[in-house]
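Heads up: the structure comes next, in structure tokens.
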Amino acid sequence: MDNRLGLGDEEEGDVGTLWHSLDWLTSCVMVVGGALPYASQYQQILRTKNTDGFSTRVCLVLLVANILRILFWFGKQFEVTLLLQSVVMILTMLVMLNLCCSVQNTNRISTKQQHITDLDPRFFWSWDGFEDYLIFLLAFTLPCAFTTLLLLDSSLFVESLGFLAVLTEAMLGLPQLLQNQRNHSTTGMSVNMVLLWMAGDSFKTAYFALKESPLQFLLCGLAQVLVDLAILYQVCLYSQDPWDKLA
């Protein structure tokens, strides 16, 4: 009898260890998975020395969304996994912006440069220096952080901040969708990136549901999946043989 009980405890321990390992693996995928799609786009820009097919406003959306999400965490502490995911995504978007600035400056024909200090709204987020984007992010983050610090005890503000963060993130694919529509082409855009968006957004939406994350995150995931599907439809619409672009 005692031997059977001991064996049962051992089996339960093994199952518990397995679930713990799977949970840890899932968390790791969540942290780095969101950044992986941009590896394909990064390589494509490096290879072609052309950024025309990639909308840098995707970087704007993700930077703003993840800065707001980090501030939201201070008011409503959700999973640390999602907090780390935001940090990784911010670093990834900065790397993408740095590459785009480098390539665009190399290809630039005109000697005139556009900088944030020009205060020209026509060139918002189309600046020539990487430092311009850093200045903007600093000017955006500091007032938001100060306001959050002042209103941290207001549940209405905190919940609104969370909705704003995920609403912004839900618009992730919208700049790329609009650029494809404007160009009537998806040339230069990495289809691999969008396929990974789709896989990642589906995975994290399921993760939000299973982890019972705040409702804001679940709605964000569902919206992103719909935009991903729309972009994949554009790939089929603008190319007779879209899968050739996967190379």
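Keep in mind that glycine also has a Cβ here, set from the backbone N, Cα and C atoms.
Straight from TrEMBL, the features:
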type     : residues : note
TRANSMEM : 24-42    : transmembrane segment
TRANSMEM : 54-74    : transmembrane segment
TRANSMEM : 80-100   : transmembrane segment
TRANSMEM : 133-152  : transmembrane segment
TRANSMEM : 158-178  : transmembrane segment
TRANSMEM : 190-210  : transmembrane segment
TRANSMEM : 216-238  : transmembrane segment
> Between the transmembrane segment (133-152) and the transmembrane segment (24-42), are there at least three Cβ pairs closer than 8 Å, leaving out pairs fewer than 6 positions apart?
Replying inline: no
>> Under 8 Å between C-beta atoms and at least six residues away from its ends: which parts of the chain pack against the transmembrane segment (24-42)?
In response: 54, 79, 81-82, 84-85, 88-89, 91-93, 95-96, 99, 189-190, 192-194, 196-197, 200, 203-204, 207
> Which sequence positions outside the transmembrane segment (54-74), separated from its termini by at least 6 residues, show Cβ-Cβ distances below 8 Å to it?
Replying inline: 41, 44-45, 82-83, 86-87, 89-90, 93-94, 96-97, 100, 125-126, 137, 140-141, 144-145, 148, 152, 158, 161-162, 164-166, 168-169, 171-176, 178-179, 188-190
>> Can you tell me which recorded stretch out of 80-100, 190-210, 216-238 has the most Cβ pairs within less than 8 Å of the transmembrane segment (158-178)?
In response: 216-238
>> Given a Cβ distance threshold of under 8 angstroms, which distant residues of the chain, six or more beyond its ends, lie next to the transmembrane segment (216-238)?
In response: 78, 82, 162-163, 165-167, 169-174, 176-177, 180-181, 184-186, 191, 194-195, 197-198, 201-202, 204-205, 208-209, 245
> Which residues, given as numbers and ranges, are at least 6 beyond the ends of the transmembrane segment (80-100) yet have a Cβ under 8 Å from it?
Replying inline: 27, 30-32, 34-35, 38, 41-42, 45-46, 51, 54, 56, 59, 62-63, 66-67, 69-70, 73, 130, 133-134, 213, 217
